[in-house]
Amino acid sequence: MCGIVGVVGNRNATDILMQGLEKLEYRGYDSAGIFVANGVNNGRLIKSVGRIADLRSKLGIDVAGSTGIGHTRWATHGPASKENAHPHTSATGRFILVHNGVIENYLAIKEEFLANHEFNGQTDTEIAVHLIGQLVEDGLSVLEAFKKSLHLIEGSYAFALVDSENPDVIYVAKNKSPLLIGVGEGYNMVCSDAMAMIRETSEFMEIHDKELVIVTKDSVSVQDYAGNSLERESYTAELDLSDIGKGTYPYYMLKEIDEQPSVMRKLISAYSDNGQVKVDEAIIKAVQEADRLYIIAAGTSYHAGFAAKNMLEALTNTPVELGIASEWGYNQPLLSQKPLFIFISQSGETADSRQVLVRANEMGIPSLTVTNVPGSTLSREANYTMLLHAGPEIAVASTKAYTAQIATLAFLAKAVGDADGNEKAKAFDLVHELSLVAQSIEATLSEKDSIAEKVEGLLAKTRTAFYIGRGNDYYVAMEASLKLKEISYIQCEGFAAGELKHGTISLIEDGVPVLALISSDEAVAAHTRGNIQEVAARGANVLVIAEEGLARETDDIKVVPVHPYLSAISMVVPTQLVAYYATLQRGLDVDKPRNLAKSVTVE
Ligand code: F6R
């Protein structure tokens, strides 16, 4: 979702902004723009709809200077257009602003303070920068005007503001939306995430909600909205530039699918010692003290929660309930006496999840965040964090984060089970089983060509498809269908195999692809086979993905079996490849599906 980058200091701002925006592309956007301050002409503002490459093609040599701000926009208020693209300017053009988030009271502000103003587009951001400009016209200093605006504005925001009359400063503030300061020698930066700045610096400074930061080339001063100075240490991020490159891969998604065996092994070394599972004692205690675990997440992370549910219940002996984060903001069910909230989030920034966490904190409910991004908002604001150790995930379609989420929750379940003396935990050698999972994934990855071939006949032309499965395979079907639809645009549903006949089977007609998943259990497999017969009899084009041992000779993709608690990890990998190849074959950009954002920072 919207991305911000800004720089002030002794560097070529245009280059830094453009490279930063390219690194933010993965978050999802539909237009982009930069402002570069320049003493001679006050600065140049360039915007364009479409890709960063389009923006780049519009830059002339006059777009030069050492202070600038840039933005990738994911449309919320108003369509993707040049007028709505950021940066936005105040009425006189003096102030230039980029914004990530949603200003809830922008119409009220417009009515009350900006009745005579004309606007170029429909964004809430334009109102914010006009407000700042108007307050300065009314006699306030720039800092006072910015502060007063922050008091007036309600909603979520990360702002970076430049005054073209004094471009040695970038004014920054945030509430709910992510923003980081990058600290350099003779220059400082501001950015939505560390990845866009890692080429320039690995030294970062966090900004908390409702803090204002004045950034110059040599200083970063943080204050609260009342003007009190706040001490803030910087930290060194352990990001490696090579982690965020594509290497020789045509797409990040394929690279990330391929990385899954090594992620499983990294998790083994992060969460075990000499074969013994090791998880923070405080986290184990928090689970032991809970009478119910509530997993709150969105999209793929929500599906990972389902895939881990049975294992968590079996090993911790505690009921697990799942919640869709965007629903729980308004529609929270009656909670148990001693709940523990577990947030699963690759990015750690998902606004829907965060709103639930804010409420949980207000209610004093303990919380654990399972995330890929150390220092992310959900990690900082929860009581406990478990990291996914998956390395940066750049492709919009989540793959390695999903499998890492299930594996991380397996370590949690096993650690609690061991501490409780749970018999099932005792019998479950997770470290060994997870190393078998890594091997099973490797075996599937070696079958890429044959999977690509099978997909071609099945999905290259279809408009609709179904995934079906029972038990854990049903949970994998939910994730598999999300993966397929989000990047290939095939309308796909993940269905409990036995439920199809209760209505949805009426959609099955000649040639409709049905992908069936079969793992873990002979008796359950037999039932799924029955459901396959039902759809085949109605003309469905069936592809079966089955664990060896349960597989028949005619099945299409065979997966090396793993422990049933972990079967979602090995069973999902062929479905990731199915989505990848179907998308390639349909001539679409695998890494950047339309309308989607990697980090969903609005509710
Ligand atoms: C789909 C996908 C999304 C995310 C969802 C939550 O491939 O990635 O469904 O899972 O937007 O994001 P996180 O996990 O960052 O909270």
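Cβ coordinates come from backbone N, Cα and C, glycine included.
Now, the feature entries from TrEMBL:
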- Cys2: active site, nucleophile (ACT_SITE)
- Lys598: active site, for Fru-6P isomerization activity (ACT_SITE)
- 2-218: domain 'Glutamine amidotransferase type-2' (DOMAIN)
- 283-422: domain 'SIS' (DOMAIN)
- 455-593: domain 'SIS' (DOMAIN)
Cα separation, Cys2 (active site, nucleophile) to Lys598 (active site, for Fru-6P isomerization activity) (Å, whole number) | 10
What number of additional C-beta atoms lies within 10 angstroms of the C-beta atom of the residue listed as 'active site, for Fru-6P isomerization activity'?
-> 25
Going by DSSP, give the three-state secondary structure for Lys598 (active site, for Fru-6P isomerization activity).
-> coil
Long-range Cβ environment of Cys2 (active site, nucleophile), under 8 Å and at least 6 residues apart = Arg27, Tyr29, His71, Thr72, Arg73, Trp74, His86, His99, Asn100, Gly101, Ser177, Ser192, Thr601
Taking DSSP H, G, I as helix and E, B as strand, the domain 'SIS' (455-593) contains 69 helix, 28 strand, 42 coil
In three-state DSSP terms, Cys2 (active site, nucleophile) is classed as coil
Average pLDDT across the domain 'Glutamine amidotransferase type-2' (2-218)?
-> 93
